[in-house]
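Asks: Checked TrEMBL, it gives:
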{"type": "DOMAIN", "residues": "A:6-174", "note": "domain 'Glycerol-3-phosphate dehydrogenase NAD-dependent N-terminal'"}
{"type": "BINDING", "residues": "A:GLY10, A:SER11, A:GLY12, A:ASN13, A:TRP14, A:GLY15, A:PHE43, A:PHE99, A:ALA155, A:ARG271, A:LYS298, A:GLN300", "note": "NAD(+) binding site"}
{"type": "BINDING", "residues": "A:LYS122, A:ARG271, A:ASN272", "note": "substrate binding site"}
{"type": "DOMAIN", "residues": "A:195-341", "note": "domain 'Glycerol-3-phosphate dehydrogenase NAD-dependent C-terminal'"}
{"type": "ACT_SITE", "residues": "A:LYS206", "note": "active site, proton acceptor"}
There are 2 protein chains.
Amino acid sequence: MGKERVAIIGSGNWGSAIAKLAGNNVKKHSDAFDDSRVPMWVFEEDYEGRKLTEIINTDHENKKYLPDVKFSENIVAVPDLLEAVKGATALVFVMPHQFLHKCLDQLEGKVEKNAKAISLIKGVGVEGSDIHVFADVIQDRLGISTSALSGANIANEVAIDRFSETTVGYRTEEEGQMWQKLFQTPHFKVQLIDDVAGVSLCGALKNIVAVAAGFIDGLEYGNNSKAAIMRIGLLEMKHFCQEFFKDVKEESFLQESAGVADVITSCLGGRNRKCAEAFVRQKKPFDELERDMLNGQKLQGIHTAKDVHIFLKARDRLGAYPLFDKVYNISWEGLPVEKLTEGL
Amino acid sequence: MGKERVAIIGSGNWGSAIAKLAGNNVKKHSDAFDDSRVPMWVFEEDYEGRKLTEIINTDHENKKYLPDVKFSENIVAVPDLLEAVKGATALVFVMPHQFLHKCLDQLEGKVEKNAKAISLIKGVGVEGSDIHVFADVIQDRLGISTSALSGANIANEVAIDRFSETTVGYRTEEEGQMWQKLFQTPHFKVQLIDDVAGVSLCGALKNIVAVAAGFIDGLEYGNNSKAAIMRIGLLEMKHFCQEFFKDVKEESFLQESAGVADVITSCLGGRNRKCAEAFVRQKKPFDELERDMLNGQKLQGIHTAKDVHIFLKARDRLGAYPLFDKVYNISWEGLPVEKLTEGL
């Protein structure tokens, strides 16, 4: 068995935080990993008059997406995707989901046969009555075993070594242990569970719950209501995944960082909660709030709520998930927000 | 089967909120309950120059402990305990736990043989290596079947009809349904579970977790750390109860309002979280903070942490519950608060 050669595919806020951990850990575990070089694919752009790859490779810092955090020198920014993954046996996918398919078009047939991958991509793919998690998409398209990582992980807090936990849903125990070795530090605890789908779905569905929590904050209903909404949301997440995916484990939702803890983090802070609160207080539609508060980026929670609504309608299961349904109807169909808790 | 005759034993903030719901519900369900009169035992005291019982019976409001909330007129304040419970078949115990034994001394042998009770008392009784929940104490001393109610229930929010949930741990399903009928409203959802001990213990142990969450707030570690501590705390609560009580259900902790939702509420707001944050920021010992912030009242979380520590020591199980242990050692033994997350 040779050493694993790691490549990071993505270099945003979360990708950079993870690259920082991985760069240090391959050195710490140089028996298991090639510690000389960890390529990080960077979508090339200019920042303050310099190329982003040049900034990263000279200053060892992603000044645009994770300023003031230093990478170890083995993190090498590479603007060409195929060059970045060349020879790599451990591929870390960490990018906005809308870029995934283009990447896979390029990568198909080009990765090492014995490679393994892990998806840190947030979200879920829905097309009509089809639903799929991105770890499965990567695995199917590239023909390599693909795990998933998700948890209560605000990137900036992880990057500065605040105590945090995360969950890896693995394909095989051996792969799980390899990913744990790559990411775990004394301040970033990695739990393992045999549930790729559950771990992946938590990271998408919790955003719907965070929108509901933001509505409660905007309505000023208080902490009893907010806790009730979080509890109900967590159970709807669990039931949804149990209904539509085989073999998900209820521990992923109820006991793991990916489930209960990420719901908590997302309902305490985060953009979904914040924009939903503003929706109630400012009485502006979400497209206006996306422009004002997110520089035109999409608010994940309301779009996931819409995808889930379309999916449930196609499966004739509308009504089985009342909280998801309320978030959809308030966000997209003009239902008064005061109706949120009615009939839950 | 005659109608149930309800008596409320206690009249503080939570007792008054519950009395408001019960007073209305016995009228709504007058087929099941005697709706003419719901006695509420009040520890007599003076408030603004009048007797508290007289205020309640004249103004239909507990101006001292739950101002601005009106009772229905069938709520009758009674200063004599035996008179309050005379003829009652449904006894609601809702008082600070330190008064329970004195009440039971008076009530022993004096309650209706066919009566049922429910305990809304927070806390757990620990004496050396013995541990017991108050529902069991009431049941043993009075010889009547005693259920328990606990949940994410800030009294003032329940009293003004903010959407809230709670959990009743019942002895028999029939009794569970009776208590549900007595308390449930469109804004206050009562779930039932066959687990008196689990529901009771949640209400005590969550205060230890809330202290830990307050430490994290004081340290300004952020939302990842806070969510991690809440997750770890919830699992320690569950493991502790599974180890020392027969037949507790893990759903009580992971899925019910009494468990996960009450942990959330207590870690978002509440006096335990608040005083623990002040402990870190102001660097004052807890006895000084109890004087300054709680008018000399005891802070439940740190005292429960001490009771649990003594109990675990007596059972030779110190070390099995690292978060509980850290809260004890930081609160009582001078361990630096920065050590909180180490080794969790």
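Glycine is treated like the rest: Cβ placed from N, Cα and C.
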Asks: How would DSSP class A:ASN272 (substrate binding site) in three states?
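Replies: DSSP call for A:ASN272 (substrate binding site): helix.
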Asks: Report the residues of the chain - excluding A:LYS122, A:ARG271, A:ASN272 - with C-beta within 8 Å of the mean position of the site's C-beta atoms, for the recorded substrate site, in sequence order.
Replies: A:ASN207, A:ALA210, A:SER266, A:GLY270, A:LEU299, A:GLN300, A:GLY301
Asks: Note down the number of other Cβ atoms within 10 Å of the Cβ of A:ALA155 (NAD(+) binding site), including every protein chain shown.
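Replies: So the Cβ neighbour count for A:ALA155 (NAD(+) binding site) comes to 20.
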Asks: Count the Cβ atoms, other than its own, that fall within 10 Å of the Cβ of A:LYS298 (NAD(+) binding site), considering every protein chain shown.
Replies: 14
Asks: Are there any residues at least 6 positions away along the chain from A:GLY12 (NAD(+) binding site) with a Cβ closer than 8 Å to its Cβ? List them or say none.
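Replies: For A:GLY12 (NAD(+) binding site), the qualifying residues are A:TYR65, A:VAL94, A:MET95, A:PRO96.
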Asks: For a quick check of understanding: among the recorded positions A:LYS122, A:LYS206, A:ARG271, which residue's Cβ has the most other Cβ atoms within 10 Å?
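Replies: Most Cβ neighbours within 10 Å: A:LYS206.
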Asks: Drop a 10 Å sphere on every Cβ of the binding-site residues A:GLY10, A:PHE43 and tell me which sphere holds the fewest other Cβ atoms.
Replies: A:PHE43
Asks: Going by DSSP, give the three-state secondary structure for A:PHE43 (NAD(+) binding site).
Replies: coil
Asks: How big is the Cα-to-Cα gap, in Å, between the residue listed as 'active site, proton acceptor' and A:ASN272 (substrate binding site)?
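Replies: Each residue's Cα considered, the residue listed as 'active site, proton acceptor' and A:ASN272 (substrate binding site) end up 10 Å apart.
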